[in-house]
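*Asks:* Got these off Swiss-Prot a minute ago, pasting:
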- 1-43: signal peptide (SIGNAL)
- 47-277: topological domain 'Extracellular' (TOPO_DOM)
- Cys62-Cys138: disulfide bond (DISULFID)
- Asn71: N-linked glycosylation site (CARBOHYD)
- Asn120: N-linked glycosylation site (CARBOHYD)
- Asn163: N-linked glycosylation site (CARBOHYD)
- 167-263: domain 'Ig-like C2-type' (DOMAIN)
- Cys185-Cys243: disulfide bond (DISULFID)
- Asn200: N-linked glycosylation site (CARBOHYD)
- Asn213: N-linked glycosylation site (CARBOHYD)
- Asn252: N-linked glycosylation site (CARBOHYD)
- Asn265: N-linked glycosylation site (CARBOHYD)
- 278-298: transmembrane segment (TRANSMEM)
- 299-322: topological domain 'Cytoplasmic' (TOPO_DOM)
Amino acid sequence: MQLKCPCFVSLGTRQPVWKKLHVSSGFFSGLGLFLLLLSSLCAASAETEVGAMVGSNVVLSCIDPHRRHFNLSGLYVYWQIENPEVSVTYYLPYKSPGINVDSSYKNRGHLSLDSMKQGNFSLYLKNVTPQDTQEFTCRVFMNTATELVKILEEVVRLRVAANFSTPVISTSDSSNPGQERTYTCMSKNGYPEPNLYWINTTDNSLIDTALQNNTVYLNKLGLYDVISTLRLPWTSRGDVLCCVENVALHQNITSISQAESFTGNNTKNPQETHNNELKVLVPVLAVLAAAAFVSFIIYRRTRPHRSYTGPKTVQLELTDHA
């Protein structure tokens, strides 16, 4: 829904510049026409781009370049998405905000009244979602004695991203000569849609895409999951690398799988290997300690008890000689 100012010019209507400024017809020839066209090009290119991670908060800037002070009783501020028309938030004098706001932005977008008095009409957007990848338009109008004049318009393109999980690689089928080996790589909960590559680590070359089958789909969170299946002829040695690329974050996440493993999850994880070793070592040490303790108890019980008679013997010998 596109909001309209009652009894004034609607948001989608632009009053001609020559009517607002009362410019004579001679202005549209020569230098005057050139300057007008130049100003139109500059206005059309006034677009900024902002990046945000899913679940984070972001500020979409809309600031008066002159940083003038404003009386809120004469201001009308609108933040909306143009195509399709979606009302994000707005400020109307003496009106309760949020009544006509789209349900997906209720309690997520707000304006600061104190900041608006200083010429800062920025949108504070909470809990960013993938669906917020949009162009947001800020329009500020000031009420004069006769009309509502637009004093500021900004377009902000929001690009949303989310990190993909570390790829998990598994292999199946026999690793015997003459048979085919199948690799599967899976990564979840990223945004936007990723690129996935398989790399031969022997020479760091990209593996032919004809040998792989990639499937990308949106999950219930609105994020992307990707799964890829790669089929290669058997080789005695030849590790492969699965690489998931997030273009928005300029990020590559990789995992390596060894060809000599037969089945199961072959993604190398040093921490997991260390934990498995500890799980085996601790019980063995406990058994050895218990066996040593039992042996010590048995030894103490079976050792013969002898009396110490040395001094008595010496005393007896002295008595006989006497």
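Every residue gets a Cβ built from N, Cα and C, even glycine.
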*Asks:* Give the distance between the Cα atoms of Asn252 (N-linked glycosylation site) and Cys243 (disulfide bond), rounded to the nearest whole Å.
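*Replies:* Taking the Cα atoms only, Asn252 (N-linked glycosylation site) lies 6 Å from Cys243 (disulfide bond).
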*Asks:* Looking at the recorded positions Asn120, Cys138, Asn163, Cys243, whose Cα is closest in space to that of Asn71 (N-linked glycosylation site)?
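*Replies:* Minimum Cα distance from Asn71 (N-linked glycosylation site) across Asn120, Cys138, Asn163, Cys243 lands on Asn120.
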*Asks:* Based on Cα distances to Asn200 (N-linked glycosylation site), point out the closest of the recorded positions Cys138, Asn163, Cys185, Asn213.
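*Replies:* Closest by Cα distance to Asn200 (N-linked glycosylation site) among the recorded positions Cys138, Asn163, Cys185, Asn213: Cys185.
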*Asks:* Determine, to the nearest whole angstrom, how far the Cα atom of Cys62 (disulfide bond) is from the Cα atom of Cys185 (disulfide bond).
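*Replies:* That separation, Cα to Cα, works out to 43 Å.
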*Asks:* Taking Cys138, Cys185, Cys243 as the disulfide-bonded residues to compare, which has the smallest set of other Cβ atoms within 10 Å?
*Replies:* Cys243
*Asks:* Cα distance, Asn120 (N-linked glycosylation site) to Cys185 (disulfide bond), nearest Å?
*Replies:* 48
*Asks:* Using Cα coordinates, what distance in whole Å links Asn213 (N-linked glycosylation site) and Cys138 (disulfide bond)?
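*Replies:* Computed Cα spacing between Asn213 (N-linked glycosylation site) and Cys138 (disulfide bond) is 44 Å.
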*Asks:* Which is it, of Asn71, Asn200, Asn213, Asn252: the one of these glycosylation sites whose Cβ has the most other Cβ atoms within 10 Å?
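*Replies:* Output for this query is Asn200.
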*Asks:* At the level of the C-alpha atoms, what whole-angstrom distance separates Cys243 (disulfide bond) and Asn120 (N-linked glycosylation site)?
*Replies:* 43
